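**Student:** Below you will find the structure I want to go over with you.
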Amino acid sequence: MIDVKDLSENPDKFRASQRARGADESVVDAIISADSARRAALIRYENLRAEQNVFGKKVAQAKGEEKQALLAEVKELANSVKAASAEADAAQTKQEELLRTVPNLVEDGVPEGGEDDYVVVKTVGTPREFPDFEPKDHLEIGELIGAIDMERGAKVSGSRFYFLRGVGARLEMALLQMAMEQAIEAGFIPMITPTLVRPETMQGTGFDVKHDAEIYRLAEDDLYLVGTSEVALAGYHADEILDFSAGPIRYAGQSSCYRREAGSHGKDTRGIIRVHQFNKVEMFIYTTVEEAAAEHQRLLAWEEEMLAKCELPYRVIDTAAGDLGNSAARKYDCEAWVPTQGAYRELTSTSNCTTFQARRLNIRERAVNAEGVAKGTRAVATLNGTLATTRWIVALLEHHQNADGSVNVPKALQKYLGGLEVLPVL
């Protein structure tokens with residue numbers, strides 16, 4: 001949720017952010033109007049309450065007919081107070097509903113436009129060439145080495161489901177373990193998170209549970225399957241006051257993730273690039289507003305460290321405003337080269353959500369003024385970033401393949417596979 005005080009004082013900044021996202025600017029003026037109505041209703045209520053208190057004292061001192069007359073006025077005034085209270089509550093509700101429709105304020109420097117308007121920050125490594133043989137795609141390789149079974153996945157669960165078996169299962173577990181160990185070495189607390197969450201937790205992270213077609217819902221229990229452990233990790237400290245005296249609070253969550261892929265009909269139908277269920281290690285950070293940008297760069301560096309360990313050529317892109325999720329003020333994606341597609345495909349993303357999620361989830365820290373004196377509380381900043389996920393297998397199999405379909409294991413991964421140097425053809 002955005003800061004209504006900031007919006008009221010700097011409406012042009014929020015209009016510009018909405019324009020950059022391709023979103024409706026008029027909501028900014030609607031919120032300002034709703035805030036004015038809320039303030040007016042609250043003032044009316046408080047004035048009537050004060051008047052009610054005065055009448056209460058008069059009634060206590062009055063006698064006889066005067067007291068009866070005053071009691072009649074008090075009753076009428078009580079009805080007015082009740083109506084004013086309802087009006088103030090309604091104005092507050094309307095304002096909150098409008099605020100929940102506004103995505104996070106975009107950071108300065110984020111590219112304007114949509115999905116194709118990203119800016120390439122840097123490119124690392126060179127896409128592999130195959131002068132001696134025609135490269136196979138990840139599914140063909142996966143079938144040759146007994147790693148991926150899409151046919152039985154579809155038989156058991158439907159389209160976009162799969163089995164990882166044998167070296168495929170081992171490879172995913174190795175990736176996730178390497179990612180988790182790296183996170184722990186960087187000071188993250190490892191977490192195994194719930195994959196079902198309450199609607200208030202899902203909404204708190206910025207998802208629209210009523211209109212988001214990507215989310216699986218268990219209607220009888222009113223619970224939602226998460227598409228990332230970010231959701232559970234964001235809700236972990238809901239309604240709490242955090243202490244950053246020892247620095248940022250960093251968690252690394254491992255979980256299964258679920259996405260309906262409702263808008264992906266016909267896209268990436270072959271293999272495991274776009275699936276309904278996958279596993280992931282997600283980094284999540286709580287920190288101060290002042291430290292958020294620096295933490296964002298650290299998250300990106302940790303993601304790049306994993307890509308380097310996997311010996312994959314990749315690029316980093318600064319995602320355009322119109323392609324940002326509601327919660328993100330800025331997002332960087334790391335995309336690895338997929339040889340048979342002749343394209344870079346996203347393997348990781350990292351987002352700075354500033355105070356957006358924390359305001360929705362009521363996560364705060366104790367504030368101090370310039371003299372170090374306590375001054376109430378304020379919203380914290382939250383950030384997230386992917387460290388490893390099932391999709392990495394796509395790039396690993398294709399980039400490190402041999403002519404016969406076997407796959408060389410990157411050196412850093414070998415110890416997590418019992419020293420295995422090559423994934424052999426069966």
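The backbone N, Cα and C atoms fix where each Cβ goes, and this holds for glycine too.
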**Student:** Using only what Swiss-Prot says about L-serine binding by THR228, SER229, GLU230, THR386, identify which of GLU181, GLU185, GLU282, GLU335 is listed for that site too.
**Tutor:** GLU282
**Student:** Region 'Disordered' per Swiss-Prot sits at which of 1-22, 111-132?
**Tutor:** 1-22
**Student:** Report, as numbers and ranges, which residues of the same chain sit near the compositional bias 'Basic and acidic residues' (1-15): CB under 8 Å and 6 or more residues beyond its ends.
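**Tutor:** Sequence-remote neighbours of the compositional bias 'Basic and acidic residues' (1-15) are 25, 28-29, 31-32, 35, 95, 99-100, 102, 104-105, 355-356, 359-360, 379.
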**Student:** Among THR228, SER229, GLU230, GLU282, THR386, listed as contacts of L-serine, what is the widest Cα spread in Å, to the nearest whole number?
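**Tutor:** Greatest Cα separation within the listed binding residues comes to 10 Å.
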**Student:** Please give me the binding-site residues out of THR228, SER229, GLU230, GLU282 that lie within 10 Å of ARG259 (ATP binding site), comparing Cα atoms only.
**Tutor:** THR228
**Student:** Considering the binding-site residues SER229, SER349, which residue's Cβ sits among the greatest number of other Cβ atoms within 10 Å?
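**Tutor:** When each Cβ's neighbours within 10 Å are tallied, SER229 leads.
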**Student:** Which of the binding-site residues ARG260, GLU261, GLU346, LEU347, SER349 has its Cα closest in space to the Cα of SER229 (L-serine binding site)?
**Tutor:** SER349
